[in-house]
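Working notes, structure below.
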Amino acid sequence: MDYAALWFWIVTACFAIYFFLEGFDFGVDLLRPFLARNERERKALINTIGPFWDGNEVWVILAAGAIFATFPLWYGALLTGLYPLFTLILLALIGRGVAFEFRAQVDHRHWRVFWDVTSFIGSFIPAFAWGLIMAALVQGLPIGQAGVYQGTLTSYITPFTLFGGLTTTLLFMLHGATFLLLRLDTQSGLHARARSAALFWGAFATVAVLGFVYLGYVREELFRSFGLSNWVLPALAALTLAGIWLSLRLKRDGLSFAMSSLTIVFSVVTVFLGLFPKVLPSTLGAAYDLTIRNAASQPYTLYLMTIVGGIFLPLIIGYQAWNYYVFRHRIAVDEPKINQEIISHGTD
Amino acid sequence: MDFSTLELSRFQFATTSIFHFFFVPFTVGFAVFIALLQTLAFVRKSDDLERLTRFFGHLFFINFVVGVVTGIVQEFQFGMNWQVFSNFVGNIFGVPLALEVLMAFFLESTFLGLWWFGKDRLPSWLNLSFIWLVAIGTAISAFWIIIANAWMQHPVGYEILNGQAVLTSFWAVMTNPKGWQWFSHIFAGGLTVAAFFVMAVSGYHLRRKHEIPLFKTGLHLALVLATLGSLGVVASGHIQGQSAVRDQPMKYAAFSALWDTPEGGSMPESLIALPSNAQNRNLFSLEVPYLGSFLAFDNLYQKAQGMNELQAEMVKMYGPGNYIPPVWPVYWAFRIMVGLGGIMLLTALWGLWLWRKGKLETAKGYLIFLLIMPLVPHLANFSGFVTTEIGRQPWVVQGLLLTKDAVSPLPVAYVIASLVAFWIIYLLLIGLDVFLLTRTARAGMHPPDTELASVPAPDYTLGSDPVKLKGS
């Protein structure tokens, strides 16, 4: 079996799952200022992702760890090459992670506002930066001998990559909105506003995705190398994107969320399919491309990783799914049974 | 590559790791304490002990999240600042790191949420198993990262192929004796961090006569852990020192300030010294004869090699260069660590003695003394970190890769900017962590109905799909 290729697809799966899962918790954070009108509603929005966000985030740590073990050259070249971006992402994830926990610790309005702002910025930066990074992968980086980055900041801050960042941000907002449709009490005003938000931000997201695909086709030859059969995935991404609209109109909440999830998964797979068999194309010449051949670990490491991945990945997916099942009930928004006192303090 | 990129990257890695290392041993030990406490509550079917578990659980939560977010930085930093290192060791080092994520991170993050938020939704035996899964997860996480570090200090099960270290035996990597010694040392250290923290909090409330029977239980349980932990730290530390003589003689000589191989019939132990790297000797050293041989080899006559001799040997093996680590910080950090370890053990024994006399909960002096104790194991961990990580310089992978050759070719400005940003955020985090821990710990336990204000469980609707509540 070709373990290097297998691990390329496992890494792809990690990113797809990561963007699918953390995509909606980023989205919920990004939508909060637009949707919530008082403290009770802000709290309800946070509670929709409370038991999940931490587990969601681990998927990107796994993606990084898996790349380190199976494609060490890719790991070093990507993280060193995009150093400023990864610094920003890390700082943002730190702020965001503590914001959820610390927010509730002190009952003071300014304290909560501070953490709300922190988690908004902490979600915006990675949501944007991950899109930028995916676009930079498609575009290629000025990587020279031994995977050493030769460019400057402007090598990857291009209209195309910025558009990539905008696309993921808007797509995550749409995804967050469809997630909220599933998680919030259907009778609440917040639920109705989430539906409007899905339609509103969904329109922008659709334009952004189409724009990104167009730029990708014109500037980066994204789909030109694809054979006919490989067109299936981008086509499916487009179909599911349209499907979101339809299901929103039909008020089928589950279907809307499924469609936005699939759009994200298909888009990620499309990007990696465009890369394959490269992992990091070099803009300095094909000789410097990092591929699944020259960047991969030795067979024994890959074999070992396959064994442990084969054991633990299904287990992880199993208990994470169960976690979602345990907390499947909708969040109450309008009729708080507890914390009457806290909530009345927080209402502004 | 540039000298300052190297120095700044080293400083960044050292400090972000040390910040992270303030939170992690605490999490590892605290999880065990809480799991034991909840087990006690479960066995005795005590709602009060359940409340105490929630109280300490709340403190655990605050600290856990800081450990998690500083841990993400560690995961990315190898590639960001140490590209050459990552290329060189990825085949081997990446595996325990990936295993840490697969076996521990998912487990901790998922089951901590289930434990806290799912308390009223699932049977209590299941809830108890969650906290044990979290405790096991934190220990597994510590285990794999220590195995990865142990490989860098004592490489095993590898060969060099095309300029990369390539795995030949994962079994050898996993059973690296150095890794197991360190794991037991750090696990025991984690128990002491948590135990002395709980003792301080319990002592504080006992002095104020809050919930006396409950905080008594907390104090007793923590005292047992503090005793076991400090005994474990001392014992595993001693074993480690003895193995360092053999597998990292330069580090051993550095923390002993042993410049020249002793000439007499035995090796003395230096108690206080002023080592000088510039002159390759001690400017001053107060020594106890025979003690060095006894501590290192369990006999009075065996001798270890001094740094000057080891330096000459390494030049022969690896070519010209300076292979002596900065002795001053290593020597003193080692002594501070050992001294603090002694204080921990004595404090625990003092507590046991008071307990036996039935005076533990009322011994005012002791309870006040306990308030400064949470700092001691933290400082000991910090000193241990400095000893072991500076002590292995200039190597990043012992005998295979020098730290100076491992760094990423980065513009200096990038590293300065990130270093400043990480420092600002990390100092804020430490400040907030201490502020919130102190505040929450001092507030004590609330009546059950207001307790939820802290980290609230989501308030679910009771719609068509009925929520299954415990006992209903």
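In case you wondered, yes, glycine gets a Cβ from its N, Cα and C as well.
Annotation comment: TrEMBL describes A:6-31, A:52-75, A:81-102, A:114-137, A:157-182, A:194-216, A:228-248, A:255-280, A:300-322 as transmembrane segment.
Same-chain neighbours of the transmembrane segment (A:114-137): 19, 22-23, 25-27, 29-30, 32-33, 42, 82, 85, 88-89, 91-100, 102-103, 156-157, 160-169, 172, 212, 216, 268, 271, 275, 280-281, counting only residues six or more beyond its ends whose CB sits under 8 Å from a CB of the stretch. Only sequence-distant pairs (6 or more apart) were considered; of these, fewer than three Cβ pairs between the transmembrane segment (A:52-75) and the transmembrane segment (A:228-248) are under 8 A, so the stretches are not in contact.
Among residues of the same chain six or more beyond the transmembrane segment (A:300-322), those with a C-beta under 8 A of the stretch's C-beta atoms are 3-4, 6-7, 10, 55, 66, 69-70.
For the transmembrane segment (A:255-280), same-chain residues at least 6 beyond its ends with a Cβ under 8 Å from one of its own Cβ atoms are 5, 8-9, 11-12, 15-16, 19-20, 23, 71, 74, 77-78, 134, 137-138, 140-141, 143, 147, 171, 174-175, 178-179, 181-182, 198, 209, 222-223, 225-226, 230, 233-234, 236-237, 240-241, 243-244, 247-248, 289-293, 295.
Sequence-remote contacts of a segment are chain residues at least 6 beyond its ends whose Cβ falls under 8 Å from one of its Cβ atoms, and for the transmembrane segment (A:6-31) they are 45-46, 48-49, 52-53, 55-57, 59-60, 62-63, 66-67, 70-71, 96, 119-120, 122-124, 126-127, 130, 168-169, 171-180, 194, 197, 201, 261, 264-265, 268-269, 272, 276-277, 279, 292, 296, 302, 305-306, 309, 313.
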